Amino acid sequence: MRKIALKVAYIGTNYHGFQRQPDVPTVEGKLLEALEGAGIIEDPKRARFQIAGRTDRGVHALGNFVSFFTEEDIHVNQINDLLPRDIRVLAWASVMYPFKVRYPLERHYRYILHREESMDTYSMAEAAAHFRGTHDFSNFSRRSDRDPVRRINDVRISEVGDSIIIDVYGESFLWQMVRKMVRALLMVSEGELAPDDMAGLLDTDRRVFLEPMPPENLILMDLKYGVKIKLRHDEYAFKRFISLLEEEFKVYREMSMVRRAMSDHLRDLQEHELD
């Protein structure tokens, strides 16, 4: 019996999060169907199937992990053939029994914003510095979370083309925590908060409501573990997933162009014919 780890990528748009839920499609549910269909596992409990990251509905991933025990050989293409196109196993590894997929040393999330001229990335970076270290993130989570203390290793903000990239690194995260952190940074950029106000939202009993940013812009980029994992990457899986992403990018770009044309036309009508 071997312990196996799979590195999984997915587009979260069509799923109600990663974790299994009754009567709705989830990434974990589709993955288990494929593993059972391929004869790799028969029962998740007997296989001691575990997941690393429970991403929310609409959140995407390029490096989530699962682990399980099996006596069967692993053929990535066999698993991927039974998965929807928007879920891919990118790599696998045989790991030691003590390996615990649920406890990575670091999780890397990336949130992508469309850059507006009014956005002040310098103030955002100044505010983001307050997140580093160990803090009580109660204002960035649900009130029902029993232990809101988390450690953030780093927050990096960069501009790439028309995008602002916010990379957040930490051991673990609360529900909606990253999306609420980004909301606070955006409020700083828009002048609703000062950079130093961020300190007042941390380690405090004063409760402030922060609307989480949309999940569709969030990606779980990767997980790092304390033990070295010899991942066997599948080149064909990479090519197929890249191809799908490029197809979807083209579709969304064309949809954006159509909406822009409609908006421009209505503005023209408003200016010249609705006097």
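Note that Cβ sites are derived from N, Cα and C of the backbone, with glycine treated the same way.
Feature annotations, reproduced from Swiss-Prot:
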{"type": "ACT_SITE", "residues": "Asp56", "note": "active site, nucleophile"}
{"type": "BINDING", "residues": "Tyr109", "note": "substrate binding site"}
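Under the three-state DSSP scheme, Asp56 (active site, nucleophile) falls in the coil class. In sequence order, Gly12, Gly17, Trp175, Gln176, Pro215 constitute the residues six or more apart from the residue listed as 'active site, nucleophile' in its chain with CB-CB distances below 8 Å.
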